[in-house]
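This structure is in structure tokens; I'll ask about it shortly.
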Amino acid sequence: MDFRTLNIGILKLYKLVFFVFGTIGNFLFIHLIIRKKKLQSRTSILQCFQCVFHLFCLVGLLFCELVATGSTFTRRECFNRIGFYVFFQAAQCMIMVVIVLDILIFVKFPIWYRSISSVNYIILTLTPVVLFSFATAVSGYLSTNDDNIQSCAPPFVFNTTASIIYKYLFVFFSFLVFITYVILIKSFHQRSNSNQSSLRTVKRLQLSVVIYVFTWLFSQILSLIVMNFSLNLVDGGILFVHINFLICLSYSNTFYVTMWRSKEYRDQFYSIWRPKLMQQIDVTSASPVLRLANNNFT
């Protein structure tokens, strides 16, 4: 077994692992928000849409692997098979920008934020996501040709010029998310009367933002290095293989990071799936109070 074959085998393994855990996690997050009205903030609803986009992206990752096995495609044939993946990859990129801007708008313009109904607000915030995704998919379709490509995946669907522009857009959005989040943190530190609910949301999203910036920023920079500096086919192909690890991580982390970072979400999750455990915790936490009450009456 040569080095390239070994790397492709590793790629297939972690794609499958991320697909299983990512699919379960995204469904569990959506189910949790639907079941628990207490958690149904505008930000969490936007995260549900993000999870839907991630589910389609995970299917796209696996589908790329299935259609590419033992086959050679032209750029046009590849797009006809994975065009949906191009659309949802762009959507999940854009919606993270929307999520952090959503919190920033709430902090900076709370009166305007509350004056808009939730339905209208969700439609308003999802509009740029859909428009950007549609424009990306259309540009991918228009840039297709009959050139053979080395792999049927979004980086190769676009022609060279369009692909580089697309990757620079991802880099730009990664920086935009990072800068917006930094502004958000500074705003909370400067305001003594910061909304505690928003503060909890910011802390809960902290690691997700870091993962988003790290995975998409570095994956696109590595892709640009391969494309701009014309690394040889073997080295470049292997580098593209392991870029997929970062992308898989981005599609799969929302539920697990939320469970780790937020006690509120953990408690609500356990109340659905392990109600007896939550009853025991409630009894245990209440027992010191009961003991104190009993002592007062004796």
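Glycine is no exception: its Cβ is also placed from the backbone N, Cα and C atoms.
So TrEMBL lists these for the protein:
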type: DOMAIN; residues: 25-225; note: domain 'G-protein coupled receptors family 1 profile'
type: TRANSMEM; residues: 13-34; note: transmembrane segment
type: TRANSMEM; residues: 46-70; note: transmembrane segment
type: TRANSMEM; residues: 82-107; note: transmembrane segment
type: TRANSMEM; residues: 119-144; note: transmembrane segment
type: TRANSMEM; residues: 164-184; note: transmembrane segment
type: TRANSMEM; residues: 205-226; note: transmembrane segment
type: TRANSMEM; residues: 238-258; note: transmembrane segment
With a cut-off of 8 Å between Cβ atoms, can you find at least three pairs linking the transmembrane segment (82-107) to the transmembrane segment (13-34)? Only pairs 6 or more residues apart in sequence count.
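They are not in contact.
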Count the CB pairs under 8 A between the transmembrane segment (119-144) and each of 13-34, 46-70, 164-184, 205-226, then give me the winner.
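Out of the listed stretches, 46-70 contacts the transmembrane segment (119-144) most.
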Is the transmembrane segment (13-34) close to the transmembrane segment (46-70), in the sense of at least 3 CB pairs under 8 angstroms with a sequence gap of 6 or more?
yes
